[in-house]
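Novice: Residues or ranges marked as S-adenosyl-L-methionine binding site in Swiss-Prot: G35, G36, Y37, D53, F80, D101, Q108.
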Amino acid sequence: MTEPSRHIPVLGQEAVGLLAPRDGGVYVDATFGAGGYSGLILAAADTRVIGIDRDRTAIAGGFDLVERSGGRLTLVEDRFSNLAEVCAAQGAGLVDGVVMDVGVSSMQLDQSERGFSFRLAGPLDMRMGQSGPSAADVIAVASEAELANIIYIFGEERHSRAVARAIVAARAIEPITTTRALADIVGKVVHAKPGEIHPATRTFQGLRIFVNGELDELHLALSAAERVLKPGGRLVVVSFHSLEDRIVKNFFNARGKTGGGSRHLPELDQEAPSFAILTKRPITAGPDELAGNPRARSAKLRAGERTAALAHPGEDLPAWPTLDAVMGRR
């Protein structure tokens with residue numbers, strides 16, 4: 001059996017405990033990252049794991065685990081919203097479990113050249129897949145109103161209009177191309193009190209989510225997981241901020257109860273629940289994990305078990321700002 005990855009994933013034991021890997025099962029680590037969840041799954045049972053990540057650096061970093069797995073781990077460079085297509089291409093059919101660790105990885109945050117962190121000097125990049133427009137590109141061309149919407153909707157920054165105004169004023173003088181430059185601009189209009197988060201936290205979050213289309217990706221990935229899980233298969237999702245957790249919570253709530261049907265057309269069948277919810281309340285990190293990994297403080301884990309009911313129809317994506325809409329006009 002494979003030794004676990006040296007990387008310790010947030011809520012890793014809880015996540016794998018809920019997945020309950022069994023010999024001969026097929027599991028999808030939809031956000032491979034540093035391979036922590038994959039390593040734990042491979043160590044727990046004689047399973048096959050398909051690891052997906054849009055970041056080619058993460059895929060390259062996982063080759064050692066691939067070798068140690070004895071052929072039980074396959075890595076695929078792709079978005080996790082495409083997990084159904086990935087499973088089909090790998091001949092996996094329906095799978096026994098899917099785990100998702102949503103958002104930016106610790107590895108990405110710690111690499112200054114990736115431009116995710118306001119604490120490290122680097123280019124203002126923020127692309128998980130290292131292709132397409134960067135955060136600097138968005139900052140350069142988005143209107144003041146668009147920037148304010150992006151920072152407010154995806155960063156939940158209540159000073160978004162002031163931040164957007166400051167960005168537009170600063171870029172008129174010189175391009176904003178580094179993390180430090182943007183953090184300094186934000187710090188002049190957002191003033192944190194002692195003990196509060198860094199003034200640039202929400203602005204960086206908003207830009208990162210926007211650049212990578214993270215919330216749309218999550219919506220699509222959850223629906224894809226619903227389609228590829230066999231009855232009894234389990235979906236485990238770890239999220240790190242309220243926007244993500246709300247999407248996951250609403251997904252499980254919508255699929256964990258019988259559809260309302262129509263009082264006007266009572267003969268129509270109600271939608272049967274496609275998931276049995278395993279976590280009535282989200283699981284959070286305990287004091288021991290928090291002592292060793294402060295980044296776990298905002299993590300919430302939710303899980304569900306697939307029933308034999310048909311997958312629910314996919315909902316329309318929310319009408320929030322998109323990268324194509326902002327960049328496509330330029």
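Cβ from N, Cα, C; glycine included.
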Novice: Under DSSP, is G35 (S-adenosyl-L-methionine binding site) part of a helix or a strand, or is it coil?
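Specialist: Looking at the DSSP assignment, G35 (S-adenosyl-L-methionine binding site) belongs to neither helix nor strand, so coil.
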Novice: With every protein chain in view, how many other Cβ atoms are within 10 Å of the Cβ of Q108 (S-adenosyl-L-methionine binding site)?
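Specialist: Here the count is 22.
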Novice: Select one residue from Y37, F80: among these binding-site residues, choose the one with the most other Cβ atoms within 10 Å of its Cβ.
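Specialist: Highest number of other Cβ atoms within 10 Å: Y37.
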Novice: Taking 10 A as the limit, how many CB atoms besides its own sit near the CB of D53 (S-adenosyl-L-methionine binding site)?
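Specialist: Excluding its own Cβ, D53 (S-adenosyl-L-methionine binding site) sees 27 Cβ atoms within 10 Å.
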Novice: Could you give the maximum C-alpha to C-alpha distance in Å for the residues G35, G36, Y37, D53, F80, D101, Q108 that bind S-adenosyl-L-methionine per the record?
Specialist: 17
Novice: What same-chain residues, at least 6 away in sequence, bring their CB to under 8 Å of the CB of D101 (S-adenosyl-L-methionine binding site)?
Specialist: P9, V10, T31, G33, Y37, V238
Novice: Across all the protein chains here, work out how many other Cβ atoms are within 10 Å of the Cβ of G36 (S-adenosyl-L-methionine binding site).
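Specialist: Its Cβ has 24 other Cβ atoms within 10 Å.
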Novice: Around the Cβ of G35 (S-adenosyl-L-methionine binding site), how many other Cβ atoms lie within 10 Å? Please give the count over every shown protein chain.
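Specialist: So the Cβ neighbour count for G35 (S-adenosyl-L-methionine binding site) comes to 30.
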